[in-house]
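Quick look at what Swiss-Prot lists:
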type     : residues                                                            : note
ACT_SITE : 147                                                                 : active site, proton donor/acceptor
BINDING  : 7, 386                                                              : Mg(2+) binding site
BINDING  : 14, 207, 208, 209, 210, 211, 283, 284, 285, 331, 332, 333, 334, 335 : ATP binding site
BINDING  : 90                                                                  : substrate binding site
SITE     : 179                                                                 : site 'Transition state stabilizer'
SITE     : 240                                                                 : site 'Transition state stabilizer'
């Protein structure tokens with residue numbers, strides 16, 4: 001079975017074509033700057049990279065170019081579009097309705113649209129990708145895989161906010177959590193590496209990228225996560241503030257005379273590492289490099305960043321009444337021995353012992369255990385693979401309906 005995985009953003013479509021037998025990526029790429037001047041397709045087959053400059057006014061045109069490239073004589077990897085058996089889509093928000101991945105039909109499309117106010121930047125773009133695929137590949141099943149679904153096992157005590165309950169009833173304001181597909185993939189993979197059953201383990205997964213979140217995965221089910229009603233809550237991120245006294249935005253708005261939308265943009269786009277570093281960078285690589293060269297302010301930014309992660313790990317160890325493994329993933333989690341070492345230095349009370357050499361070596365796509373053999377809690381690095389998880393779900397659902 002061949003599955004086309006699509007991640008449709010507001011001005012881009014990322015894609016991978018995966019041969020499910022052997023789980024091999026045949027090609028991948030991105031159509032970027034959709035609806036903006038300078039749009040193009042970057043298409044990769046193995047180590048080869050091809051760039052096609054083309055005007056892409058909308059998502060349908062972008063997907064059309066992607067599909068044409070897949071069957072192109074020179075650049076293609078298949079002879080006919082009929083070789084695509086199914087399409088798997090990343091959908092950011094499934095609200096309370098979707099607890100697992102689903103086959104897309106008219107009812108599902110309507111439901112995704114209904115929860116769009118909860119993810120106004122993402123869901124409408126995800127929908128455009130689904131609708132384009134349904135139009136351009138008629139008869140091919142489409143599956144929606146939700147970022148929020150894995151977190152739907154979180155109990156009420158962890159997802160309800162201490163605000164008037166009527167706001168939950170009226171507007172469904174609660175903790176939803178994000179990065180669910182990544183947390184699900186790395187917790188499952190960590191159990192495989194440890195040679196244990198996922199259902200027997202208490203795992204804390206740390207998805208640390210430009211956006212970042214921690215999840216408590218108890219016996220295979222998520223019981224808490226750091227992102228909340230939106231992806232703004234929790235850890236210090238590239239440009240997002242993470243946890244904040246709710247009175248602070250009101251105070252700033254009053255003092256600066258700014259609107260709620262402007263305040264929202266500040267918290268989402270100008271805060272986090274970028275805000276703390278006084279606009280120096282939102283990229284942790286730049287912060288680490290400056291800190292290593294002796295920049296005292298960047299050292300402090302690093303400390304704030306790592307301290308918040310460690311605090312959440314400690315909290316989730318308490319939430320699960322113990323922890324067997326801690327997993328680092330995503331851009332920073334997979335490639336920053338500095339952050340991993342600093343975070344783990346706070347966790348010695350849990351019995352965490354890091355193997356310095358393994359920590360230094362496990363970067364750039366490598367996976368493995370980076371704690372010492374006598375560490376009470378195992379620490380792992382697992383490169384995330386959300387596309388593969390989407391493809392697996394798609395295959396499973398399509399096989400069930402016997403397509």
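Just so it is clear, glycine is given a Cβ too, placed from its N, Cα and C backbone atoms.
These figures come from a predicted structure and were not determined experimentally.
Annotated features, which come from Swiss-Prot, shown on the structure.
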residue: 14; record: ATP binding site; Cβ contacts under 8 Å, 6 or more apart: 6, 7, 28, 29, 30
residue: 147; record: active site, proton donor/acceptor; Cβ contacts under 8 Å, 6 or more apart: 90, 91, 92, 93, 94, 178, 179, 180, 181
residue: 208; record: ATP binding site; Cβ contacts under 8 Å, 6 or more apart: 235, 309, 328, 329, 330, 331, 332, 333, 336, 339
residue: 210; record: ATP binding site; Cβ contacts under 8 Å, 6 or more apart: 237, 238, 239, 282, 283, 331
residue: 240; record: site 'Transition state stabilizer'; Cβ contacts under 8 Å, 6 or more apart: 211, 231, 232, 267, 268, 271, 272
residue: 334; record: ATP binding site; Cβ contacts under 8 Å, 6 or more apart: 328, 363, 364, 365, 381, 383, 384
residue: 386; record: Mg(2+) binding site; Cβ contacts under 8 Å, 6 or more apart: 7, 90, 181, 182, 185
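Of the listed recorded positions, namely 90, 179, 285, the sparsest CB environment within 10 A is found at 285. In this view, residue 283 (ATP binding site) is surrounded by 16 other Cβ atoms within 10 Å of its Cβ, with every protein chain counted. For residue 332 (ATP binding site), other Cβ atoms within 10 Å of its Cβ number 26. Annotation note: residue 7 (Mg(2+) binding site) sits in a strand segment as assigned by DSSP. In the three-state DSSP assignment, the secondary structure recorded for residue 283 (ATP binding site) is coil.
DSSP assigns the residue listed as 'active site, proton donor/acceptor' to coil in the three-state reduction, outside any helix or strand. All protein chains shown were included, and the count of other CB atoms within 10 Å of the CB of residue 7 (Mg(2+) binding site) stands at 22.
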